[in-house]
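Here's the structure we're looking at; comments come further down.
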């Protein structure tokens, strides 16, 4: 899939930078640098490794409420206001992206902070209303330690983004906690970028690659078509790169099913797919609640067992309790890694989202009580934006 990336806020921008880095490191070509990052601040964010300076945009750098450090981390409404004010400049920046030459757009944002939640929601709405290409969102859910306000921000943005985007992938920080001093060198962000790259690069083949179970952007679009929330599973194992020629690799696909090596390879492939589906998903979810699923196997052609692939697909149909399983291989002759990525779309049983909604309601009630105690009658949009899950 040819993908255009838009990173919003510091977290979203760092993730986009890591996706571009993984793309280059693995020899993939699904964005070809077609990316833009934006943040609300008076000063540019440093530390990008893959996003060039001309593809970084400042929002609100002339707004009185915006400082060199950006915005108050809790004021989502101000972030949305600043973003709407700067929409003419943002539209000009978006014109630099080759969106009409892309199969889809992916907006990436941290939903617990003001910029990711407020600006992210505005940009998803703007892009969806402007372009015909599918618009997907990747939202980072806050951890419990980030506080009630972060949960409220995330709940508000989910209520805005999920119905607007064509599908919303999520990444749960409670399940994937920060292991460093910042997102710029966070192993969890690298893990997320690897999953995004492995999933969306499928179908963008090198000239010398031969795909037996070919897939293209339409398979991803079909899988994500139901909308709602999606989650990604991933597993990998080290293997030997395939040094054979194209014809020899093609013939290897048609070797005898009685071959003992094929039996071993089949077991390896099925085990890897099962590991991916049962691993830490980007956001924990009950896979049987998914409407559709897609599995991609990536690695040296000699490792992509047909028998194992079909066996894994049948197992996944039973596990996800659906026959809407799409599958394809992504042959990478020079790769030393066999990877399996599984996408579950429109998952409806997502405990973490329910927890965030519940905490958001509690925070909303606490803010309302605090406002009443201080005699401030203006509750604001924060205090009315989230309903209890029981009211849905």
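Glycine is no exception: its Cβ is also placed from the backbone N, Cα and C atoms.
Features reported for this protein in TrEMBL:
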- 114, 115, 116, 146: GTP binding site (BINDING)
- 2-207: domain 'Tubulin/FtsZ GTPase' (DOMAIN)
- 364-392: region 'Disordered' (REGION)
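Positions of the features from TrEMBL, shown on the structure.
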residue: 114; record: GTP binding site; Cβ within 10 Å: 26
residue: 115; record: GTP binding site; Cβ within 10 Å: 31
residue: 116; record: GTP binding site; Cβ within 10 Å: 32
residue: 146; record: GTP binding site; Cβ within 10 Å: 19
Look up residue 116 (GTP binding site) in the DSSP assignment and reduce it to helix, strand or coil. helix
Looking at the domain 'Tubulin/FtsZ GTPase' (2-207) alone, can you tell me the average pLDDT? 92
